[in-house]
């Protein structure tokens with residue numbers, strides 16, 4: 001009984017949101033709001049438990065695989081749970097839990113489709129992390145995008161629809177490019193299974209180098225679009241600034257899906273073992289990551305509303321993350337994985353906090369103009385201060401550890417003065433931008449009492465309203481306290497990623513495909 | 001046949017890109033559809049072009065065509081169908097909310113005004 005349960009554990013993070021999402025969709029008119037909320041919350045808690053269970057199973061380096069329909073690997077679709085995939089599953093479930101708690105304060109009343117879309121979004125995210133097949137990754141991308149289109153325009157309004165239209169069209173173009181890349185790779189080597197692709201691309205004849213590079217760079221373009229890497233970042237600020245706060249918080253993981261896919265493809269398909277194709281991605285990721293840092297920081301300085309500024313800070317975090325992944329070293333990837341979790345939680349908390357502040361400021365909304373004193377300035381100001389320290393990467397919080405580790409890993413790169421210089425200067429710009437917003441919101445008081453809040457939080461309830469934000473900030477604190485064990489885990493994850501023969505072995509061993517492990521020696 | 005198909009894919013893509021760069025939602029949707037047709041043909045061709053052969057591998061069959069791209073194309077068609085339906089609905093909604101079918105909502109209005 002126990003053994004067979006473990007065999008199916010890998011697909012459970014897909015089945016749970018699919019079943020609950022479908023149920024919520026079919027019963028959206030019959031079930032009361034309380035029951036729909038309970039179902040959604042229970043499903044997320046279930047995914048959290050599954051992610052923890054899987055984490056315990058893979059933490060010793062085991063790679064679990066699940067063959068759908070029991071078809072052997074390169075012919076059937078395979079799900080793979082390794083350290084990286086499960087790490088992402090856990091982050092997604094934790095983030096979704098607090099985003100949903102915030103949404104229960106009223107966002108989910110706007111339409112009956114919020115809860116089904118939320119679960120289908122999680123289905124797409126979990127599937128993208130678990131799948132071991134390139135075309136299946138495309139399908140899960142489409143699932144998560146279709147759900148995200150619905151969530152983005154949830155609640156309606158001109159700004160959301162306009163941002164939504166741009167978001168949808170650019171992502172549809174991205175999907176088309178993904179198909180071109182997948183088709184080109186299939187035409188070249190005749191497989192779409194990631195492990196099999198890795199084996200076959202390593203032995204690519206030199207005359208196929210040109211088309212293979214085009215396909216690889218098309219994939220890079222697609223994932224860079226999802227991750228909002230410059231120059232494909234322009235959709236992000238408008239979309240994230242216009243949408244509802246819990247959706248923006250959940251979308252903090254959306255850019256990380258692109259980063260995840262880049263990391264997976266960079267290490268598995270085009271790593272050091274890949275022969276003529278190896279080292280293709282770092283050459284692009286490093287300069288573009290640094291450029292993203294600069295443009296994101298400038299955007300954060302120039303932003304005219306709090307939410308738009310946070311959206312630009314998301315762009316900054318993507319830049320730093322992909323710079324770390326672009327280093328291509330174990331230290332860089334490990335530091336990046338730690339920073340990924342930190343920045344996901346910190347920016348999500350910031351979006352939720354901006355919503356709390358916005359609700360207190362009435363007609364001024366979150367525009368950066370001086371207004372009357374906030375009713376709960378002590379709580380909100382305190383939270384803002386902590387969040388700003390986290391996002392800016394200042395000690396003593398987890399952002400500092402992440403940034404410090406990335407900088408330490410960058411010292412090994414040949415052009416480290418550029419790397420360190422740009423990261424530090426953009427960090428300073430970020431601090432200036434955040435200090436400006438903080439002092440303007442909390443100290444620059446003008447016209448006391450004139451702008452009454454449209455939805456003032458009731459005095460006893462304001463602490464409860466801030467609880468999801470506080471929860472996310474507590475997670476960041478846990479990242480700080482548990483930094484030792486967590487960094488051991490990310491180090492092990494990076495080692496596993498840079499040694500792709502373990503992955504290939506786990507996927508292809510059941511059918512006895514022979515390959516020489518010494519080819520994959522680092 | 002290969003040359004004809006390549007030219008077809010190229011023409012469809014070029015037309016699609018041109019329409020995508022237009023400023024009205026209707027032409028953008030048409031452009032997306034054209035590019036989708038192009039990518040479907042491209043996926044189909046990734047299994048090589050074979051005429052009059054079954055997509056089945058069996059001991060007595062020596063001449064066969066690759067069935068996988070056909071399955072991929074079918075999936076891609078279904079997904080793009082759903083996406084086209086969605087983007088048309090969204091374009092109609094944008095027309096109603098923004099009072100214009102311009103992709104930025106209105107020609108003379110800066111796109112970054114907040115709600």
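A Cβ is built for glycine as well, from the same backbone N, Cα and C atoms used for every other residue.
In TrEMBL, annotation is done automatically, which means it is predicted and not curated.
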Range annotated as transmembrane segment - as stated in TrEMBL, picked from A:66-83, A:84-101: A:84-101
Given ranges A:165-189, A:490-514, the stretch to which TrEMBL attaches the annotation transmembrane segment: A:165-189
Interface-richest range of A:39-64, A:84-101, A:165-189, A:241-263 toward the transmembrane segment (A:465-487), CB pairs under 8 Å: A:84-101
